Amino acid sequence: MIDKKLLLQDFEMVALSLKKRNNAMDDALERLREVITHYKKQLIELEGLQAFQNKVSKEFGIKMAQKVDTSDLKKELENNKIKLNELSKSVGELEQQIDLRLSIIPNLVDEKTPLGASEEDNIEIKKILTPRNFTFKPKEHFELAQQNGWIDFESGVKLAKSRFSVIRGFGAKIYRALIHLMLDFNEKNGFEIIYTPALVNEKMLFGTGQLPKFKEDVFKIENENLYLIPTAEVTLTNLYNDTIVSVEKLPIKMTAHTPCFRSEAGSAGKDTRGMIRQHQFDKVELVAITHPKESDAMQEHMLESASEILKALELPHRFVQLCSADLGFSASNTIDIEVWLPGQNCYREISSVSNTRDFQARRAKIRFKENQKNQLAHTLNGSSLAVGRTMVALMENHQQADGSIHIPKALEKYL
């Protein structure tokens, strides 16, 4: 959540930053401006009534001590108190309105994030490993998966519906091996392995920014205040919800392997074949809670940690800086890692490492104590990696002319 104090003090600066997102925030901001204007006006009136109440109360006390008639002052105090209570209630309601409207407004755009109108304005930072030159036309992963008997898409539809799949045979062994490899690399880089619930309550989804704005993107358990997690970012970050840690414990670095569940609202017609876009998928996540001065360096560390896995699997990839219009709701700055898919002849996102600054920390009340003072931490999150998409990249990049798949050396010991 944006700092309410900053919003009240410098609305224009906040509005200018949010307009960089290019996602029609004007109406929401204008409504928020109206509420804030009304709130400030009533707050001034309230402060005036409080000052008047204090002044008359002193006069009342003096006259009482002097045993002078105080009936007029008493009546004045009673009338003013009624006004005070009514106005205080109104100010409280307006403050709640501001908080509610703030909860659906995205994070401020970081100064390092380039201005852009769409994903077309994202900027490639660097490429790692050169894509292989094939002597044959490379197949897409769903062809290879079916040929090798690794993924059963029809059974996924039978058991659930479209955008579900069944991984079996040697494909299941590779899938499991990828998870183990990812966790081992992340642990080597200082991230604590944690297993969390796959269900969370509404407060946790509010803390990381999925609710209330993106309710249609998550699966809710009927008649329960529980939701299936869209990412382990939710559980790992919220382990420290409403918590104050000592500055000596920072940074807190965590990794988790979880199933993730997304409704994919608005994705009709996109990636309908294969494993690129599923309702249920596995992901190994990185989350860090840091001192504000250390979050930029942590973002680089998390990117390199994810890249290290792709290099070990001999998968060409690149870093892409997202522009202002392509940022996620909670992110202030995001760098994607895209992996090369020769079957599709393009790079596709496999990780997205975001610095949310203090946006999530303010929503979730994640703080640290330094010099006897409580401060908001910075939180970061990123995939390391999306397991299904890594398997897709492995199949497409390491396919042989006969459709068999070469297994990278780094993965052999896990099989």
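Heads up, the Cβ atoms here are built off N, Cα and C, so glycines get one too.
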Further L-serine ligand in Swiss-Prot, beside Thr231, Ala232, Glu233, Ser383, within candidate set Glu285, Glu294, Glu300: Glu285
Shortest C-alpha distance to Ser263 (ATP binding site) - which of the binding-site residues Thr231, Glu233, Ser383: Thr231
Listed binding-site residues Thr231, Ala232, Glu233, Ser383, filtered to Cα within 10 Å of Ser352 (ATP binding site): Ser383
Ser352 (ATP binding site), number of other Cβ atoms within 10 Å: 20
